[in-house]
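Peer 1: Dumping the structure here so I can ask a few things about it.
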Amino acid sequence: MKLIFTLLAVCGILIAGNNNKAFIVKAADLKAGEQVFSANCSACHANGNNNIMAEKTLKSEALAENEMNSITAITNQVKNGKNAMPAFGGRLADEDIENVASYVLNKSEKGWQE
């Protein structure tokens, strides 16, 4: 599953449109996601930790335990906020939110190591 996600994130997804023409969906930009994370998230989530709620880290095990281990779940959390986390939906573009969600999931799968 990790290999599949990595391939999809790096290469993009081939999807058939309604008119049966195939097109490539732009892959998430992990470098842009890293920049968004550094500017907006790292104050509370440096190195995948959580300075506010220590048990709700961005580490792989915690994301899985909290059912936050998908792009959809992370994107929803970033857009809408929850508990002490503010909503970024009005502050960040959808593309930035998608990039940062991909970055977080990618980093969590690598144990937040370079």
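Just so you know, glycine gets a Cβ as well, placed from its N, Cα and C.
Annotations per TrEMBL:
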BINDING   Cys41, Cys44, His45, Met85  heme c binding site
DOMAIN    28-108  domain 'Cytochrome c'
SIGNAL    1-16  signal peptide
Peer 1: Looking only at Cys41, Cys44, His45, Met85, which the record lists for heme c, tell me the maximum pairwise CA distance in angstrom.
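Peer 2: Result: 11 Å between the two most distant Cα atoms.
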Peer 1: List, in sequence order, the residues of the same chain other than Cys41, Cys44, His45, Met85 whose Cβ lies within 8 Å of the centroid of the Cβ atoms of the recorded heme c site.
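Peer 2: Going along the sequence, the neighbours appear as Asn40, Ser42, Ala43, Asn50, Asn51, Ile52, Leu58.
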Peer 1: Sequence gap of 6 or more, C-beta under 8 Å: which same-chain residues meet both conditions with respect to Met85 (heme c binding site)?
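Peer 2: Sequence-distant Cβ neighbours: Cys44, Ile52, Gln77.
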Peer 1: Which residues, sitting 6 or more apart from Cys41 (heme c binding site) on the same chain, put a CB under 8 Å from its CB?
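Peer 2: In sequence order, Val100, Val104 meet the Cβ cut-off.
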Peer 1: In sequence order, what residues of the same chain, 6+ apart, have a Cβ less than 8 Å from the Cβ of His45 (heme c binding site)?
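Peer 2: Listed in sequence order, they are Phe37, Asn51, Thr57, Leu58.
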